[in-house]
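Trainee: Take a look at the following structure, please.
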Amino acid sequence: MSSESPSGDAPATATPDPDEPRPRAFNEDWAAVVVGLALLALVLIGAIPEGVIP
Amino acid sequence: MATENADAQAAAEPAAPATSETAALTDTAPATRAPWGFIALGVLIVLILGAVTRFLEQHVPEWAAGTAFAEVAAAVEYPVYAIVLGLLGGLVITLTGLRDKVADGFRTEFFIKTGLVLLGASINLSVIARAAGPAIAQALIVVPTVFLFTWWLAGRLGLDEKLRALLSSAVSICGVSAAITAAGAVRARREQLAYTASLVILFALPSIFLLPWLADVLNLSTPVAGAWIGGNIDTTAAVAAAGALVGEEALQIAAVVKSTQNVLMGLVAVALTAYFTYRVERTPGSARPGLGTLWTRFPKFVLGFILASVVATIYLNQVGDAGADTIGVVNDLRTWFLILAFVSIGLEFRLTRLREAGWKPIAVFGGAAVFNLALALLLASLLFRGFEA
């Protein structure tokens, strides 16, 4: 395998901008925060009582 | 060589960077994502194997009581069942031709991050505050040193610049997530990301069992063992699995150390974007990566992890010891999400990618992993000596 510059692969405009928002990654990261904190809140207010989780 | 063939083939295809761990480990391009029915089936497979894991974890010690296997059965914990069942499940779906259809349901990233947010609730805020200093110091030394070592080693073996960036990020920061981030920053090919992700899993699986065993052999204190695991194992799910095998305290320290490394991912992404824009690709007029990139790459689950710790700490301060049982319910939920993540790791593992990659990336990854192992052990021993959770 060569180690030459890969600049000839494709013009920069043909590839996605790495700074563009990534909807799926964004969702998965934030979804974990929302679901995790929501479950914590449900336990603390007693909506998920002891003995319910197997 | 196989790698060259893969690169040559990939060079003809425009990059379509994966944006999740699941996507990075599958052959399915985002444009050809499986129908919802198959995704639901994938989630169902994970849930069923997770339920079997929980069942075995709770009942095997009872069944083995009074037999020659009693001690072994008591020592085997849920990460072992989950990963083994995941690997067996992966074999079955490969043989039945279902793998590519259902793989989108193996949401390792979501499961592990939700598990870590819930883990935050069992860690007193003071532990995070006290561990943050040594964890940041360890990360600031380990991440750049291992990154530069891997970059150098990959260069010596003549690997492509983009693959060097992916391997270096994966080994030094946080495995598949870092490889995905680096792939976006350097515009790597999908194939390069896929076999980097497979390499991460290949090395993470034995580490889950090897590091707790070595920590025991080396007689490391629990905080040092946790810091070593958190600073060494690449992928966050595997860190949690290994930490859980050592014990609750080790899991907590490992999670804090790993989360600190995760935060550095944003900085590395900015540096890689700048390096590839200005030095490798020399794209004229490219926007300078800045705070926006930093925020985009910031692992948001770390915010949830800290917030959960804040909420639980305040809650326990108010209700006192009576709150321990309530936090126990949160811990049960956390265990469930970790089990689902470990099952998914096993399900996602595929050997074919590594055959395509050839021996050089494996040699680089192996060499870097050993270097990381030694450096993280040294730093964890120095920085977490005498630490009490």
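Cβ atoms are placed via backbone N, Cα and C, with glycine included.
Pasting the relevant annotations from TrEMBL:
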{"type": "REGION", "residues": "B:1-24", "note": "region 'Disordered'"}
{"type": "TRANSMEM", "residues": "B:36-57", "note": "transmembrane segment"}
{"type": "TRANSMEM", "residues": "B:78-98", "note": "transmembrane segment"}
{"type": "TRANSMEM", "residues": "B:135-154", "note": "transmembrane segment"}
{"type": "TRANSMEM", "residues": "B:166-186", "note": "transmembrane segment"}
{"type": "TRANSMEM", "residues": "B:193-215", "note": "transmembrane segment"}
{"type": "TRANSMEM", "residues": "B:263-280", "note": "transmembrane segment"}
{"type": "TRANSMEM", "residues": "B:301-318", "note": "transmembrane segment"}
{"type": "TRANSMEM", "residues": "B:333-351", "note": "transmembrane segment"}
{"type": "TRANSMEM", "residues": "B:363-384", "note": "transmembrane segment"}
Trainee: By a Cβ-Cβ criterion of under 8 Å, what residues six or more beyond either terminus of the transmembrane segment (B:333-351) are in contact with it?
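Mentor: For the transmembrane segment (B:333-351), the sequence-distant neighbours (Cβ-Cβ under 8 Å, at least 6 residues beyond its ends) are 21-22, 25-26, 45-47, 49-50, 53-54, 78-79, 82-90, 93-94, 99, 103, 106-108, 111-112, 114-115, 118-119, 121-122, 198, 201-202, 204-205, 235, 237-238, 240-241, 244.
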Trainee: Using a Cβ cut-off under 8 Å, which residues of the same chain at least 6 positions beyond either end of the transmembrane segment (B:78-98) come close to it?
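Mentor: Tertiary neighbours of the transmembrane segment (B:78-98) are 38, 41, 45, 49-50, 52-54, 56-57, 205, 208-209, 240-242, 244-245, 335, 338-339, 342-350.
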Trainee: Determine whether the transmembrane segment (B:193-215) and the transmembrane segment (B:166-186) share at least three Cβ pairs under 8 Å, counting only pairs 6 or more apart in sequence.
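Mentor: Yes, the stretches contact each other.
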Trainee: For the transmembrane segment (B:36-57), find every same-chain residue at least 6 residues outside the stretch whose CB is under 8 Å from a CB in it, and list them.
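Mentor: Answer is 77-78, 81-82, 85-86, 89, 93, 98, 101-107, 111, 335-336, 339-340, 342-344, 347.
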Trainee: How about long-range neighbours of the transmembrane segment (B:301-318): same chain, 6 or more residues beyond its ends, C-beta under 8 Å?
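Mentor: 113-114, 116-126, 128, 255, 259, 262-263, 324, 326-327, 330.
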